[in-house]
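Reading through the structure tokens given below for one structure.
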Amino acid sequence: MKRLRVTLAQLNPTLGDFEGNLKKAIEALRVAEDRGSDLLVFPELFLPGYPPEDLMLRLSFLRENRKYLQKFAQHTRNLGVTVLMGFIDSDEDAYNAAAVVKDGEILGVYRKISLPNYGVFDERRYFKPGEELLVVKIGNIKVGVTICEDIWNPVEPSASLSLGEGVHLIANLSASPYHVGKPVLRKDYLSMKAYDYHVAMAYCNMVGGQDELVFDGGSMVVDASGEVINYGKLFEEEIITVDLDLDENLRVSLVDPRRRYMKTQNYPVKTVEAGNLREKSGHFEPVVNPLPVREEEMFRALITGLRDYVRKNGFEKVVIGLSGGMDSSLVAVIATEALGKENVKGVLMPSMYTSKESIEDAQTLAKNLGIETFIIPITDVFHSYLETLKGVFAGREPDITEENLQARIRGNYLMALSNKFGWLVLTTGNKSEMATGYATLYGDMAGGFAVIKDVYKTDVYRIGRWYNSWRGKEIIPENIFVKPPTAELRPGQTDQEKLPPYEVLDEILRLYIEEGLDPEEIASKGFDRKTVLDVTEMIRKNEYKRKQAAIGVKISTRAFGKDWRMPITNRFKEPL
């Protein structure tokens, strides 16, 4: 029987924290050794962290990365486990690489062949692609080494490893960023890939937040029939160990002979001998964790992104302007779940236009969450501004200027608290507002992290409803769900005076931003032509605001951040 004990170290590194990442790696190494593992797989670029971006241009960063790989190798002395460790190989150029480490030695290095250069990825800016396959032999078992995008490539190098080299297992070191629906997409894809090539797969994904990116984990082991026999937790660190029966590969190939007729490329191959299989005791039962519903998935991604941004950047507490509306309520909920109620501060900043209802809703929410609040009215300061500007504004009617003044006063208050106490200001704008420019630059956009900037308004409501249901009680007051959304910057104001109903707006935005449809195609789906053009024009005209917005968690297939690179100076208008 060909039985391989595989351990996947689904861990949360911090970019540039070589010492901290090494400590995590050593802890995982000890666990794998105690469990009698034959193979231990880490995520992509685990030692330096991912994505390193322009740190790749610093020789000192590359040298530290190499130094800590050697340090890690020393900790494998006299151990029986073979390790695949993600690092940067930078001898004659820079490569996204995996080192094969055992018993104090680096036995070989694999260099990533398929470098993604789309969406949030810029790997061709920093890395040279590898040109050689790497096969690790552990006893009579052959393991092919790949890194992230290598297995997303439809054919190679998976085909050459499985068909050409006859590997029993493809190990994949991954740092695959999250978007809504990505866990099930990834699970189905790897299942299909294993089935098509009749090869088992051990996929180790990173977990945690890095600036706007979230890595969701979901590491898995798939057998040669395409069955996911172990599926890790989402958004949590976990060390997974699986006993993998690799005799299944031959059984599947005999029943389904398609692979005999598949063609492969002629990559050069390096084979590394990593000793014998280990004597094993006991058996590690596989665990397939269930996938969460859509709202829970998004909620946990937002928690992960916020928690890690706060902690990894040295903050302890955050502050939020509480308006009594849905957006600030959801941000407060996410912050409380991510950081604990003692680390979240709420500020109510009422004006003469703020309703009693809004104040009560904000106070009820804060009480339900158990967070401390402060009330700092803006009315006197607002009147002082108007008095100061009276001469300059003489002869002009009140307009959006006076509305934006209120938002900017509130932004000043929050930033003053941030400066005085070291609290990180969380902005509360959603994707619908960021797309259309329905936000005030240096006002409600002022802050350090925009938690829900990639969440459409309709999804803000859905996540809020799910949260109350999950908690089994009304944390977010019902009145916040049912009252018309409003900025309360003048009497009787509602969002729908300037925007289409959010159910309409969000679908137009999704089709235009994420699906890339033209206005004509969107209108053909039943939307009013003028409304579609108005929305796309708002998107174009407000690029300057988005360029100055705080970063926030990416949860969609295309967010306003690393994967949205529109010019500000732009006279192109969508035709219809």
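Cβ coordinates come from backbone N, Cα and C, glycine included.
What you see is a predicted model, and the numbers here were worked out from it, not measured in a lab.
Per Swiss-Prot, ATP is bound by Gly321, Leu322, Ser323, Gly324, Gly325, Met326, Asp327, Ser328; the candidate from Thr241, Thr427, Thr428 named for the same site is Thr428.
Going by what Swiss-Prot states, the L-glutamine site holds Tyr118, Ser176, and the candidate of Lys128, Lys182 recorded there is Lys182. Annotated pair Asn404 (deamido-NAD(+) binding site) and Lys112 (active site, for glutaminase activity), C-alpha to C-alpha distance, rounded: 50 Å. Nearest in space to Glu44 (active site, proton acceptor), taking C-alpha to C-alpha distance over the recorded positions Lys112, Lys182, Gly321, Gly325, is Lys112. Considering only the residues assigned to deamido-NAD(+) binding, Asn404, Glu433, Lys545, the longest pairwise Cα distance works out to 15 Å. Residue environment of Ser323 (ATP binding site) contains 25 other Cβ atoms, counted within 10 Å of its Cβ in all protein chains.
Looking at the residues that bind ATP per the record, Gly321, Leu322, Ser323, Gly324, Gly325, Met326, Asp327, Ser328, Thr428, the two CA atoms farthest apart are separated by 12 Å. In this structure, Cys148 (active site, nucleophile) belongs to neither helix nor strand by DSSP; it is coil. Annotation for Lys182 (L-glutamine binding site): spatial neighbours Ser176, Asp216, criterion Cβ-Cβ under 8 Å with sequence separation of six or more.
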